[in-house]
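Engineer: Annotations per Swiss-Prot:
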{"type": "TRANSMEM", "residues": "12-32", "note": "transmembrane segment"}
{"type": "TRANSMEM", "residues": "67-87", "note": "transmembrane segment"}
{"type": "TRANSMEM", "residues": "103-123", "note": "transmembrane segment"}
{"type": "TRANSMEM", "residues": "133-153", "note": "transmembrane segment"}
{"type": "TRANSMEM", "residues": "162-182", "note": "transmembrane segment"}
{"type": "TRANSMEM", "residues": "186-206", "note": "transmembrane segment"}
{"type": "TRANSMEM", "residues": "214-234", "note": "transmembrane segment"}
{"type": "TRANSMEM", "residues": "314-334", "note": "transmembrane segment"}
{"type": "TRANSMEM", "residues": "341-361", "note": "transmembrane segment"}
{"type": "TRANSMEM", "residues": "379-399", "note": "transmembrane segment"}
{"type": "TRANSMEM", "residues": "412-432", "note": "transmembrane segment"}
Amino acid sequence: MTILRTMRNFSSMNIAASILLFVAAIAAAIIANSPVAPVYQEFLLHELHLQIGNFNLLSHGGENLRMIEFINDGLMTIFFLLVGLEIKRELLVGELSSFRKAALPFIAACGGMLFPVIVYMSICPPGSAGSQGLAIPMATDIAFSLGVLSLLGSRVPLSLKIFLTAFAVVDDIGGILVIALFYSSHVSYGYILIAALLYVLLYFIGKRGTTNKIFFLVIGVVIWYLFLQSGIHSTISGVILAFVIPAKPRLDVGKYIEHIRHTIAGFPVVESGSIVLTNEQIAKLKEVESASDRVISPLQSLEDNLHGAVNYLILPLFAFVNAGVVFSGGGELVGSVGMAVAAGLLFGKFAGIYFFTWLAIKIKLTPMPPGMTWKNLSGIALLGGIGFTVSLFIANLSFGANYPVLLNQAKFGVLSGTILSGLLGYIVLRIVLPVRKRK
């Protein structure tokens, strides 16, 4: 049921959200190469303040956060909170909740993370300029890839959608681990200790039945600030916060149905022509509303609340401030880093996902899902090369402002690799998927 719910969520918003994300990226590239590029750069470097007395929440190391840092380190924490909620749900009741369900997507994701690194290292070997960006082509953008898949409508078997979603979730886990382990420096353990104590506090408060989302989010902001000062990348705080958000509703579904039936049976009946509810009717409806709130777990409720803000505000903003590739410079635009990232996404992702899936099925480690064929698997493996969001994120962590030329190359590689993977994946699937006859 949970994966079907995920499909419904994505099918309703994924195409529009993916288009908005793409438009934001194109707008950034156009502006970065236009006469107003200095204004764009000034916007990215604009310093922010959120003063509470003498305390500035938006500061790090004694310096104010700039706009690009606020979006990458602040707003993207909300994105990673949503990713964490989705991962937790899939681990509890979804496609990663058992070995049988998780085996094939997990194996495919491992290949999809390993091969891009190998391809990247073959172009940018260890010790060379740009070698620190080897993790950039590891990730698959769930929203973008499912958005492309949604363009094919009912021709796509549900098993393919489930497979793509599941291995992309495992990819996200890999990306999060990479960020946590390899992009942290000068760790201040005092801040981490306080954050850990707050996580433990939230866990036990959730266990005692507290389900107030606002309370968890307010403490989450405090934890985010502690991570920001600690040296561990602040977005990790959002992922960990997701795992202490209660997944159990306050009201059991069976009791909810019984309560609703009882409430409806006692609903006061008035004259059919009346357009105004009585106080008694309003009271009964409020009982239904309250029960409906309590039957939805904080985890699912928060996940549902965040989808719109993340897909239509945060990710487009992220794309706008990070996808501004400067096209002047000729060879400097592509370079070894650009080639390595693009090749990693296009060839590494395809080869890793396809080969590891083929191997797992051939040695009978796991069966081929119904509806999957070797031909349509090739299309799904190509869509796995749509790395956009997390790839751009890791590119900024890898190079940042210290290596602007390499960062520009990495951005170009992410954009070109993502576009080529998405386009080829769509074409292959459009060719190999049967057209369903209308009844």
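Here the Cβ of each residue, glycine as well, is placed from N, Cα and C on the backbone.
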Engineer: Who are the chain neighbours of the transmembrane segment (379-399) in space, where the CB to CB distance is under 8 Å and they lie at least 6 residues beyond its ends?
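Structural biologist: Apart from its flanks, the transmembrane segment (379-399) reaches 21, 25, 72, 76, 79, 108, 112, 130, 132-133, 135-141, 143-145, 148-149, 160, 163-164, 167-168, 171-172, 175, 178-179, 183, 233, 235, 315, 318-319, 322-323, 341, 345-346, 348-350, 353-354, 357, 406-407, 410-411, 414-415, 417-418, 420-422, 424-426, 428-429, 432-433.
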Engineer: Run the contact check on the transmembrane segment (162-182) against the transmembrane segment (67-87): 3 or more C-beta pairs under 8 Å, excluding pairs closer than 6 in sequence.
Structural biologist: yes
Engineer: Could you check whether the transmembrane segment (214-234) and the transmembrane segment (103-123) come into contact, where contact means at least 3 Cβ pairs under 8 Å with the two residues of each pair 6 or more apart in sequence?
Structural biologist: no
